[in-house]
Amino acid sequence: MADFVAAIDQGTTSTRCMIFDHDGAEVGRHQLEHEQILPRAGWVEHNPVEIWERTGSVLATALNKTKLSTSDLVALGITNQRETSLVWNRHTGRPYYNAIVWQDTRTDRIASALDRDGRGDVIRQKAGLPPATYFSGGKLQWLLENVDGLRADAEKGDALFGTTDTWVLWNLTGGHRGGVHVTDVTNASRTMLMNLETLDWDDELLGFFDIPRQMLPEIRPSSSPEPHGVTVDWGPADGEIPVTGILGDQQAAMVGQVCLDAGEAKNTYGTGNFLLLNTGENIVRSKNGLLTTVCYQFGDAKPVYALEGSIAVTGSAVQWLRDQLGIISGAAQSESLARQVEDNGGVYFVPAFSGLFAPYWRSDARGAIVGLSRFNTNAHVARATLEAICYQSRDVVDAMAADSGVHLEVLKVDGGITANDLCMQIQADVLGVDVVRPVVAETTALGAAYAAGLAVGFWDGADDLRANWQEDKRWSPTWSDDQRAAGYAGWRKAVQRTMDWVDVD
């Protein structure tokens, strides 16, 4: 039997391929960044052709670096930036337009109109999502309304829609020469178009956005012994690999963190923050600004659901300090600079660059640094940036407790910012609970590998995955209750200052 599982992680800023053994240990990887296209304020795009070329390259190079071939891989999993949307021609494979990224806010008027006329309540009930620029439905409506010839091609069945998992899979399995047009339940649950109960595209929701059903991919389980597709032997893998796992990136991180029981939660720190709480087979409809989403579905088992708090700007706020303000030269310097001060000096930074996501959902908000005096330095701004990451997570944790009745005792964390010890200590202090990082921090790719490997029996079940999970580091709270309350009160005041800044009606 082959000894390894590979995962493609198609992310917001880069695409990587990682290869894992049965212990869940990484044996090889390759990663390439892709361009962030910013044509105007609030617009964020990716070049789909570049993404596919990067995907093929990282897969081929990871195999080459590890001196493995496709015969050494039992399966391939795909995980991806969710909501990012594109449309391409089924006959030529050419995209009609750049991919519109999840951070993009060009659809704010579409989202606002949904709430004004009552359609938003139907979307919340059926799809578990509030109308927002974040999700795919509005992006696809915008493409159909603004790209010449697209609607006519869509109605003829010539145009295909997908999130980036679907685009990557279609190309891996042959593209216009027979590629499969498939997504999984987790990605479909982020479109505002899928019914959470039926796990199928909902005709009423499609009608809200005037979307032809024939554009949409088939929805399948996240992990399936019947492959979603098989890589073509003339493609970048240079051989056939069954693709048996697909998960949106945050759901993949839940699986990688082995949060498989109701009440378990993880927080992924990347471009944005994404905090998910497993709610088991129960659909918990949020009354506190969270998303209800599919966590995963393995084979023909019932789906497992989650509550999610999606935060648009966390790691990218640190990038902003580097790229726009120039006060740090790299992400690691944010920690050393912030350590020069004992506290934030009264400064709060709310990085609402594209509005506020969970639990506020205010597209009229914009970023603000408040509380400045002549006493403050760039170190206070760096500290406030790290605190902003943690306070936004506190907003979500409190909303989860209100919705579910679950009060966390420990928070599992992963993603790039977890290498920042100061940020993780602040997170423990702000929440008042232990924060724990696993040995394998790349849990998104690992979760996709787990989904693929479970489908073919490489791992027998959840107990195998739990045995693989190991704690690397733990941070415990050091703040008093009074410190915690005072800090959070200042944060809530700062958040209010960012709202009603731009007109979205």
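Heads up, the Cβ atoms here are built off N, Cα and C, so glycines get one too.
The annotation ATP binding site is assigned in Swiss-Prot to Thr12, Thr13, Ser14, Thr271, Gly315, Gln319, Gly416 on the grounds of sequence analysis. Same-chain residues at least 6 positions away in sequence with a Cβ under 8 Å from that of Gly315 (ATP binding site) are, in sequence order, Tyr269, Gly270, Thr271, Gly272, Asn273, Ala331, Ile389, Gly415, Gly416, Ile417.
According to Swiss-Prot, the sn-glycerol 3-phosphate binding site annotation covers Thr12, Arg82, Glu83, Tyr134, Asp249, on the basis of sequence analysis. The DSSP secondary structure for Thr12 (ATP binding site) is coil. Long-range Cβ contacts of Thr12 (ATP binding site) within its own chain (separation 6+, distance under 8 Å): Gln81, Thr84, Val101, Trp102, Gln103, Gly270, Thr271.
Look at Swiss-Prot and you will find Thr12, Arg16, Thr271, Gly315, Gly416, Asn420 tagged as ADP binding site. Long-range Cβ neighbours of Asn420 (ADP binding site) (same chain, at least 6 residues apart, Cβ-Cβ under 8 Å): Ala331, Ala332, Ser334, Glu335, Leu386.
As annotated by Swiss-Prot, glycerol binding site applies to Arg82, Glu83, Tyr134, Asp249, Gln250. Taken residue by residue with DSSP, Asp249 (sn-glycerol 3-phosphate binding site) is part of a helix. Packing around Asp249 (sn-glycerol 3-phosphate binding site) is summarised by its Cβ count: 27 other Cβ atoms lie within 10 angstroms of its Cβ, all protein chains included.
Tyr134 (sn-glycerol 3-phosphate binding site) is surrounded by 29 other CB atoms, counting those within 10 A of its CB over all protein chains shown. A distance of 21 Å separates the Cα atom of Gln319 (ATP binding site) from that of Arg82 (sn-glycerol 3-phosphate binding site). Of all Cβ atoms in the protein chains displayed, 23 besides its own lie within 10 Å of the Cβ of Thr271 (ATP binding site). The most densely surrounded of the binding-site residues Arg16, Arg82 is Arg82 (count of other Cβ atoms within 10 A of its Cβ).
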